[in-house]
Amino acid sequence: MSKFNRIHLVVLDSVGIGAAPDADKFFNAGVADTDSDTLGHISEAAGLSVPNMAKIGLGNISRPIPLKTVPTEDNPTGYVTKLEEVSLGKDTMTGHWEIMGLNITEPFDTFWNGFPEEILTKIEEFSGRKIIREANKPYSGTAVIDDFGPRQMETGELIVYTSADPVLQIAAHEDIIPVEELYKICEYARSITLERPALLGRIIARPYVGDPGNFTRTANRHDYAVSPFQDTVLNKLADAGVPTYAVGKINDIFNGSGITNDMGHNKSNSHGIDTLIKTLQLPEFTKGFSFTNLVDFDANFGHRRDPEGYRDCLHEFDNRLPEIIANMKEDDLLLITADHGNDPTYAGTDHTREYIPLLAYSVSFTGNGLIPQGHFADISATVAENFGVDTAMIGESFLSHLK
């Protein structure tokens, strides 16, 4: 019998809690990640007031220096710890796949200086369209169409760009490059990025409409992902008849593998929280696992190195945390964590190699305190033990510590 009938995992994308032991092997603009500390530096630089997460025990997590503006709790309402990444990567897919039990020993490729000519030339030859070379670098999806959309409307050239994650994105105005044509180009790009030197996690079609100065991306986005290289705990759950619900980009990250119910993409963190709450309220969701990603921390503030915006985004989530808890049942477990760091005060614009926080809360808890420090995959091992399924590659359950 399950200890908890429902478990809800919420990933606050990029909310790291201090440099990992191997941070010296990961870099931002030539600077090692050894001094990165997403939550710590936001707390110092911008101030951080998150009373609801603090009440669970966020400020009690072991750190060399306590969070400046997040107090410790003498009697927290939950259990907390920090977790270390084993896998060789600090991207979204690697983090999430490890959280679900995999050890990624060959990281995906990222292209901070843009894609090599070999890739661009192949796409040009297949599509019969030129590629705007100036866009070939990590770029904000809205900024890239603002900057190059007018040129695309005149020339029909493709806008190919990337991000901090191992993705290749192609933006196309729907009136200039029909959506079906864009999809075919992206399918081809997927076929040539399945191995080194360009092993990518996703190819993303990014259609948009409108006029210069007023472009908007449409709902015709399509992701061409790769499935995890072996079963995750999501697959183990689905195979055992335990429903799995994906909120936000979780379905894309796992290419639908092990997902029985996709609740759709998030328009924003707030929209994602709305969707999570609707998921919690589903009459048929009496047992199972929900998995939510809230990406605004990372996409809107981490990469843009905006500590004040990041702080406000954390405040927004914390303010809505009581709503999530109010929709939980007594035999529900809430787990709040992250997938990597993205220190908005750090060098460069890339993710940072950090520990991730873990907050565990249930109405049924009679105890509280610290969970032994472990690794990302301990989350999936805990979920697996709770529902009586096998673990994946790695992970040690902390279920027995939750009382």
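Here the Cβ of each residue, glycine as well, is placed from N, Cα and C on the backbone.
When Swiss-Prot records Asp298, His303 as binding Mn(2+) 2, the matching candidate from His265, His271, His315, His351 it lists for that site is His351. Comparing Asp13 (Mn(2+) 1 binding site) with Asp298 (Mn(2+) 2 binding site), their Cα atoms are 6 Å apart once rounded.
Taking a C-beta cut-off of under 8 Å and a sequence gap of six or more, His340 (Mn(2+) 1 binding site) has these contacts in its own chain: Ser14, Gly16, Glu85, Lys90, Asp91, Thr92, Thr94, Gly95, His351, Thr352, Arg353, Glu354, Ile356. According to its DSSP assignment, His303 (Mn(2+) 2 binding site) is coil.
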